[in-house]
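Before any comments, here is the structure.
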Amino acid sequence: MPEVAITGTEAVTNSRGDVRNMPTQSRTAGAPGDVTWLFLSVGLLTLLALLGTGMTEDPAFRLQGAILLAAGVASLAALTIGIGNDRFRSDPSRYADGVIRAGVIATVFWGLVGMLVGVIAAAQLAWPNQLYFPEHGWTNFGRIRPLHTSGVIFAFLGNALIATSFWVVQRTCKARLFGGVLPWFVFWGYQLFIVLAAVGYLAGITQSREYAEPEWLTDLWLTVVWVAYLLVFLGTIWKRKEPHIYVANWFYLAFIVTIAILHIVNNLAIPVGLTEARSYSAFAGVQDALTQWWYGHNAVGFWLTTGFLGIMYYFVPKRAERPVYSYRLSIVHFWSLIFIYIWAGPHHLHYTALPQWAQTLGMTFSVMLWMPSWGGMINGLMTLSGAWDKLRTDPVIRMMVVAIAFYGMATFEGPLMSIRTVNALSHYTDWTVGHVHSGALGWNGLITFGAIYCLVPWLWKKPEMYSKAAIEWHFWIATTGIVLYITSMWVSGIMEGLMWREYTPDGFLANSFIETVSAKHIQNVIRVLGGLMFFSGTAIMAWNVWKTIRMAATDTKTVLSSTIEPQLLPAE
């Protein structure tokens, strides 16, 4: 099997910032057909939005229809101006980096928004009486909480996955993104999905399905965008100039394909009406619960794990300037993870009406996940072999290594909590919240920050980030916040579970529900502090990114010769 080494490349840029790193070809007009089809499609969608908004009697549907209508009109105006100014001409010898720059900025912006909403939600749990506004329903926890989870998972981390995948697939395939303007449709279409979902949550338009709250109209729009995303990614791989498909692309592709299947099946529904915001699920009872947690767990598995392993397998060796420790192990890691993860969802439904055999099946495959997960963690950490000194000098490498460590911890804790006897204590408690955030903040958050710190200087042609000291501060503040958050939730959850299981000598519950809530007040306050620290670290990063972008550009050749590409070398 091949190993992956890191080598430098030279590149030049045009006035639009598209990077050329391939043999020069003649400049050709950007495919007018794709622009024409996009214009006609957007026009049709705008017309449908106008009709739906005018015909509906549902205020919630009218609100989302108005958003679609405004987005359609703005898109038609932008396309018209672009066609008139001949802005849709492209050079196939240049990488399409403009959409990646937009994705990085969107990632930072939505990260700030999602984390701020999370701090507000945590504060509502710590001080419910002071932060309860019954006259303003949209401000209450039931609507704020899904706004936070979707804001972080889909807006912040989703944009990070799209942006990094566009960068990685171009560099490892040595090919421009497929589809002409299609990558820009994916980017802006995804931002529209985020806005539709967020406004829907605050307006009470929700399916009440965890991580799948958006209603049918928003789900349909995301399906259209996701199919376009898949076409861009597959098309770029199809026209690649590098024969080998680098392993990071395998992880990205698994993420895109599996999420498409999960999204379509779990959101099968019958609308109350074509001009109504509500819908009825195609499933009912225990089948509905099983379908939801088949989706819910694999959203974690393929969105928050597989996609970010693609980031790890590209950016860690790239930053460390070392080959992947074992390319063979990365392939084994991929296939074992793909096969096992999809079966693990039923462990969310222990001690429910789900048949015992299905619960046991989910538990068994969850325990099996220890092996591939830790294989990937070891592969990521050992990639630094020969470069461990960078932990002392490079805060970005340090951030990525700590992220991989949190990945290992979260993927040990998850299978442990899936065991039925352990789950009897942990289920429905704050222990689960701590587990989720050890992965979401420690693994997803820190590896995303590391990728952003790599991408920003490369995309904007700077020698390095504006302030290395700010990265140090970000690392330590964020890491301290994570530790405070997850330890407080571990203590709270275990205490909560034990209090629920406590009985009097007469066989009655020893503690009322409100007593368990009051007992964890201090832990809830510590959670607010931890979340606030993590948000503060993200704000420092946003400032650093902004200052870096505004720095004077340096010689392109000097900067991009440090933009290193995975290349195949003979195995050891």
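Every residue gets a Cβ built from N, Cα and C, even glycine.
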Taking His263, His297 as the options, which does TrEMBL list with His347, His348 at the Cu cation site? His297
Can you tell me the mean pLDDT for the domain 'Cytochrome oxidase subunit I profile' (68-572)? 93
At the Cα level, what's the spacing in Å between His347 (Cu cation binding site) and His437 (heme b 1; low-spin binding site), rounded? 18
With the transmembrane segment (216-238) as the reference, which stretch in 61-83, 104-127, 327-344, 440-461 has the largest tally of C-beta pairs below 8 Å? 61-83
Recorded stretches the transmembrane segment (440-461) and the transmembrane segment (473-495) touching, at least 3 CB pairs under 8 Å: yes
Interface present between the transmembrane segment (364-384) and the transmembrane segment (473-495) (three or more C-beta pairs under 8 A): no
Given the binding-site residues His148, His435, His437, state which is nearest to His348 (Cu cation binding site) when distance is taken between Cα atoms. His435
